[in-house]
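TrEMBL has this to say about the protein:
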type: SIGNAL; residues: 1-24; note: signal peptide
type: DOMAIN; residues: 206-483; note: domain 'Peptidase S8/S53'
type: ACT_SITE; residues: 215; note: active site, charge relay system
type: REGION; residues: 235-262; note: region 'Disordered'
type: ACT_SITE; residues: 260; note: active site, charge relay system
type: ACT_SITE; residues: 445; note: active site, charge relay system
């Protein structure tokens, strides 16, 4: 959550252990003062990852777990629109009804008198009756007194348009609410309205187009259940695989990491309109997970073999893929030219009608220097933020085909009463709890699956399109960024417009969502709480505890807690967003999963790292409800 300004801040805490009482002893009748024995002191240090941290590397930002309730985030104002699909009649003309615009000053009585006696060639007398209107604007609805077929209706339109005082006539038509999914966290997915997806969903929510995600693999997630086809693990080096073996039919991402492939897959085709979690771009697409990278990287050969297998090509030693992909997402890249092997693969796939979508890279350099985005016969995707501008990390240049939402967590997005990082929200996994979750991430890796999902929607509607035609359609219907690109001719055709993509022609650009600039960041408080031993309940010794308030010039600040006596500690951190001295539901909070024990000898404990997510009574402090929260508040208030 992006913090909001706080009116009050607790003063910093300055605590130290009580010194031993000085003792006087007699020595040969001469009084001497013995110094107190030194109390061994140690330090605990690490980093705190705040919500909204940039995620070009291995970040973990705002984490939402299934069932978590977010304070005031998803109230009634976000549920005004129906979640139902648009019916086949959406946009169809209503027989015999006409919307007439008249010149200023023409009265309803005069118009009705003229039209009631109107005789239309080949149709006869209409007996048009006024149903309603807006006199001040000059817009009226009239209805014919009898049924008309399409040819007769067209003749009536021409006749009405020719009447004195009539400016224009159109058939009345049916409009229905846009297909807005009812997934719990959909309101925080700003990135879908940004590319006109709700209007696209009103035309189609997708069919069973297979989209391969060649990435780090995938983990089981309730919002991906039923969406995933059998995949393959193509990491050939057991030492690099992370799962102890080489190529095998299990594409599970063993972690640890950001679960990059799972996040990408959720953007393409998470289960949608199921009342929980997040939405995906294509509601009907099937995901083909191909693991070719570990949590950090993958070899070019493994990636290319994975791509070929995904496309249904024969790969030595591996069964042929029974579910060839029509779209392949490659949220991968590395510096260098496009090799002959890469180009041969992508050219072959394009000739077969398979669309390959590639992330442009996150180094804010010319995309022509990064492979495979600099290859021909692929669609290279840069990233835009919630403000509609090129994201500051996104690569640019002539090699960019289009941009798609990739996030910019230095901006906030307001949902109801809360503000969240402007990253892309999708499916993820929590290493600490080994449970499914949702997370905001940034990157062209997050932009590419938006395009893959949109392409799947298009191919479900027009399955005979070639790869070249898909690329041309994307570029022809994108919304140019103009000055919002920040680099002359560096953002390709512009931001993908899913509705225009399906219609085949550009629409009037939708207004760019106005981002909420990140509010002044609230200093996080990191605390080492000394655990009392021998008590039946969790209790803390505040005299032996300490805290530190961190600067806010970075989203991953380091911390050091010094002067710690030997004993067990709980290390935790939080941000008091509203300055009330309380750990409130939804405020950033995080605790190290296990007690940290400081020994009786000077020793520094490092890499005790903390990640802050939304505090929730349901998921935090399970073993002793309220005890840790109360201790954090008590220690922070000390010394006010």
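Every residue gets a Cβ built from N, Cα and C, even glycine.
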For a quick check of packing: other C-beta atoms within 10 Å of the C-beta of residue 445 (active site, charge relay system), how many?
30
What is the interatomic distance between the Cα atoms of residue 445 (active site, charge relay system) and residue 215 (active site, charge relay system), given in whole Å?
10
Could you check what DSSP calls residue 445 (active site, charge relay system) once collapsed to helix, strand or coil?
helix
Validating a neighbour-count step here. Other CB atoms within 10 A of the CB of residue 260 (active site, charge relay system): how many?
26
Can you tell me how far the Cα of residue 260 (active site, charge relay system) sits from the Cα of residue 215 (active site, charge relay system), in Å?
7
Does residue 215 (active site, charge relay system) have same-chain partners at least 6 apart in sequence with Cβ under 8 Å from its own Cβ, and which are they?
260, 261, 264, 265, 289, 290, 291, 292, 293, 329, 331, 332
What is the three-state DSSP composition of the region 'Disordered' (235-262), stated as helix, strand and coil residue counts?
7 helix, 2 strand, 19 coil
Tell me, roughly as an integer, the mean pLDDT over the domain 'Peptidase S8/S53' (206-483).
91
